[in-house]
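First the structure, in the form of structure tokens, and then the observations on it.
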Amino acid sequence: MQTAIIDYGMGNLHSVLKSVRTAGQLAGKNTEIFLSGDPDRVSRADKVIFPGQGAMPDCMAALKRDGLDEAVKDALKNKPFFGICVGAQLLFDHSEEGNTDGLGWFGGKVRRFERDLRDPQGCRLKVPHMGWNTVRQTQNHPLFKDIPQDTRFYFVHSYYFAPENPETILGESDYPSPFACIVGKDNVFATQFHTEKSHDAGLTMLKNFLNW
């Protein structure tokens, strides 16, 4: 079995690779886990992980430059697929960041947090949303195995996804209002938070993906 981590020059790639390989050991899987920017090699993989970090316009431009956008679209149709952070945002129709069109797997937009966010006590909240936050699982999913409700994951983002179809929302967090932070449809699962930075909970989720 082969698991490809898409390398288009945008993202915490080596940290993701290290975490997924650790998760593979925990899963007891005999799987080859590798970084690749080769569309053909990505297309031959059994599972695909799509990380991303940085500005969405730059990420989309890099994806198209390397000819990986079509490989991603093909993988979305029929392979277990895990999008992380901007890799998750790229799966939506459109982003307010740079007025950028996404890949359109999920209907909806990626929106920016308001500039004057305040908590219930009236204290101003910083944007980007950065640090640990609890995640509510709103539906059952195989990737939640052995992950308790309200587990904390690590976030770094100024934009969040707003799905058109509420049935695609698998998890939510609050900053300070609820926002979708996990979405899924068929063979595709995607998180706004960074699994590779989320310690044991992130490793468990990646292990569950490799077993999915």
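Cβ coordinates are placed from backbone N, Cα and C, and glycine is handled just like the others.
So that you can see what the record holds, here are the features copied from Swiss-Prot:
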DOMAIN    2-212  domain 'Glutamine amidotransferase type-1'
ACT_SITE  Cys85  active site, nucleophile
ACT_SITE  His194  active site
ACT_SITE  Glu196  active site
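The DSSP secondary structure for the residue listed as 'active site, nucleophile' is coil. The average pLDDT the prediction assigns to the domain 'Glutamine amidotransferase type-1' (2-212) is 95. In the three-state DSSP scheme, Glu196 (active site) is classed as helix. The number of other CB atoms found within 10 A of the CB of His194 (active site), across every protein chain shown, is 22.
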